[in-house]
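Okay, so here's the structure we're looking at.
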């Protein structure tokens with residue numbers, strides 16, 4: 001069996017003559033003249049050579065992006081014959097196909113069994129071939145699946161000896177690109193439209209390119225082609241284009257098109273000489289527009305963020321200095337001026353929710369029925385318990401105080417339509433002003449004497465907890481700042497911090513770094529760098545007051561808080577805990593994220609998808625350290641939220657392979673439910689830690705998901721992850737083959753093996769490697785030492 005390898009050749013082969021100078025004593029040629037002539041020729045030759053290299057590289061890139069090979073027993077000759085079909089069409093056609101999101105499969109699997117064709121409808125299976133015939137699907141050797149993105153499946157054959165079959169392949173390729181050229185969403189090319197009209201007047205041309213059904217429709221419509229006729233007969237227009245495409249590019253059929261449909265031949269000739277390139281460029285431009293990230297920038301972004309402008313200006317200096325992206329969750333805009341005035345912000349020791357209505361808006365009411373959870377019995381009960389718990393457990397640090405509103409705050413709430421200042425009333429000789437809101441349960445008033453706000457239940461109304469009461473002070477949660485209890489409002493929640501890798505490297509002691517980088521063994525060096533980045537950049541530890549953070553994240557929080565205090569803020573800290581990246585218990589999904597980039601620019605994304613795309617384009621796609629919340633794409637253990645997040649690199653759900661901790665947790669869960677260990681007759685409670693295979697798998701999974709791999713170059717930075725994934729796969733294979741494994745675990749390990757296969761294949765594809773995962777696995781020898789095996793692995797990947 002030949003080695004399963006797809007080797008792209010040149011798109012076109014240009015013959016070059018090398019000038020040979022035969023200089024003899026009888027030739028009267030000046031040396032300088034000869035040198036001048038040689039230099040000019042050499043420049044031209046080198047220019048052509050470079051151009052040829054560029055064409056070859058472009059063709060190779062087009063192939064790598066498009067073609068997937070699937071075969072087990074075909075010869076390299078047949079693969080080459082199949083590949084040669086693509087060499088006969090311009091690279092721009094392949095680029096059009098690529099821009100449409102298309103894929104091409106070379107396979108020796110029968111089309112009826114191919115995975116990409118299992119969801120075809122009967123109508124799709126009976127689509128026309130190039131002769132306008134509906135043939136049995138089982139007899140197809142090439143098929144174009146038309147959905148949102150085209151997929152072309154081609155059986156590996158010796159197409160060089162069968163011109164009809166090669167023409168059929170070109171017809172199906174033509175169908176793929178016709179999805180864009182002739183689309184219901186686009187205006188038909190006027191030149192092509194006029195061409196169809198002229199072809200309908202020529203019997204030879206129409207007989208060659210139109211189906212009988214289409215010719216009859218044209219006759220019934222008096223050969224009048226308007227927008228409605230095009231929409232009703234889109235498939236027929238696409239068929240005519242695809243058929244002309246096949247005649248033009250199938251070498252043995254080109255003269256037929258030139259003889260019987262010369263106008264169409266000329267049209268195809270124009271496309272080949274520049275038309276396809278224009279279409280490709282147009283699609284690329286559309287792709288840029290489609291991928292454009294819709295954001296607010298500058299002052300608009302800042303205003304929409306809710307951050308105090310002076311604080312944001314202080315933060316951007318830090319972002320510049322530390323070459324770090326600082327991402328914030330949106331701040332309650334009713335809290336912005338409170339923070340600016342010196343109101344304290346809540347940390348992790350207060351779990352009550354803030355309010356977004358009535359006079360308490362922006363604060364955290366002790367009575368949670370005044371919060372944004374108003375009217376929700378369970379949430380109010382839980383919030384009230386949380387507030388009481390905070391005061392009890394953090395006595396002296398957390399308390400409650402009466403709510404006071406000054407004139408400026410009342411005016412701000414009035415401007416936002418939250419309250420209205422109503423009529424004056426006298427109660428026990430004291431003057432109050434009613435504060436009107438849209439609430440149906442409570443009435444509010446403010447004391448003219450001390451600005452304290454009170455509330456009571458309206459006549460005939462009861463609270464969600466079944467209470468009814470007269471005027472009482474509204475109390476809000478407060479924090480002790482330098483001996484004074486200050487009311488609390490929402491803090492600045494960090495969504496993420498993404499420092500440059502050079503900043504993380506500064507955290508590593510120079511002696512430790514030098515010891516690792518001077519290691520001669522490349523794999524050991526990469527492992528060493530990875531371990532240093534884990535230790536100093538990624539390793540995070542729980543903190544009782546700030547949540548889960550790494551050392552550099554703690555330093556960043558200190559820098560941010562000091563910068564705010566320098567602006568004159570007197571409320572203590574404004575950033576009180578770690579990022580949303582580590583909020584795995586109670587994750588939250590925000591439509592808007594405020595970003596300060598390392599250039600000090602303000603940016604606000606407008607939806608969750610745009611946030612992901614921004615991170616992909618500007619952070620994970622460059623040399624910045626970033627990791628995702630591991631609770632995404634699963635039910636969070638705390639608030640039971642399900643938040644979907646797609647990995648910008650692999651385009652896959654990020655939890656497709658478990659982490660080391662999740663792997664052990666899954667095994668423990670099976671053990672608890674079955675009361676059986678991984679291995680038969682195992683009564684050892686600590687077997688997970690002692691069994692070598694389980695330890696190895698856990699270690700490989702830990703290395704696989706290590707964000708520190710981003711320290712390496714773009715070309716190599718995913719290689720370690722791929723290699724670790726393959727190592728985990730191999731160890732799982734060993735476990736499954738073992739006769740000692742308990743049957744209760746077999747399904748889990750099989751499932752895990754499939755997950756690894758799928759995700760590693762995605763990484764291979766992103767690496768632009770043409771090799772299939774299982775084929776790569778077979779070429780590695782796991783009985784060799786790890787370093788030698790890794791070198792073999794790198795060589796295979798680089799060749800592909």
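Including glycine, each Cβ sits where the backbone N, Cα and C put it.
According to Swiss-Prot, the signal peptide annotation covers 1-33, on the basis of experimental evidence.
What Swiss-Prot records for 60-273 is domain 'ATLF-like'.
Averaged across the region 'Catalytic CA1' (294-349), pLDDT in this predicted model comes to 91. The region 'Catalytic CA1' annotation in Swiss-Prot covers 294-349.
Residues annotated as region 'Catalytic CB' in Swiss-Prot: 350-489.
Residue 351 (active site, proton acceptor) falls outside any helix or strand according to DSSP and counts as coil. Taking all protein chains in view, 16 other C-beta atoms sit within 10 angstroms of the C-beta of residue 351 (active site, proton acceptor). What Swiss-Prot lists as active site, proton acceptor is 351, and the listing cites experimental evidence.
According to Swiss-Prot, the region 'Catalytic CA2' annotation covers 490-622, on the basis of experimental evidence.
What Swiss-Prot records for 548, 577, 578, 579 is 3',5'-cyclic AMP binding site. Around residue 548 (3',5'-cyclic AMP binding site), a 10 Å sphere centred on its CB holds 16 further CB atoms from the protein chains shown. In the three-state DSSP assignment, the secondary structure recorded for residue 548 (3',5'-cyclic AMP binding site) is strand.
Annotation comment: Swiss-Prot describes 623-800 as region 'Interaction with calmodulin'.
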Recorded 3',5'-cyclic AMP binding residues, 548, 577, 578, 579 - maximal Cα separation rounded to whole Å = 8
If you skip the near sequence neighbours and keep only those at least six away, which residues in the chain come within under 8 angstroms of residue 577 (3',5'-cyclic AMP binding site), Cβ to Cβ?
-> 347, 348, 491, 493, 494, 545, 546, 547
Rounded Cα-Cα span from residue 578 (3',5'-cyclic AMP binding site) to residue 351 (active site, proton acceptor), Å = 15
Proximal but sequence-remote residues of the same chain as residue 579 (3',5'-cyclic AMP binding site) (Cβ under 8 Å, at least 6 apart) | 327, 494, 495, 496, 497, 553
So residue 578 (3',5'-cyclic AMP binding site), by the Cβ count within 10 Å over all chains shown, scores 24
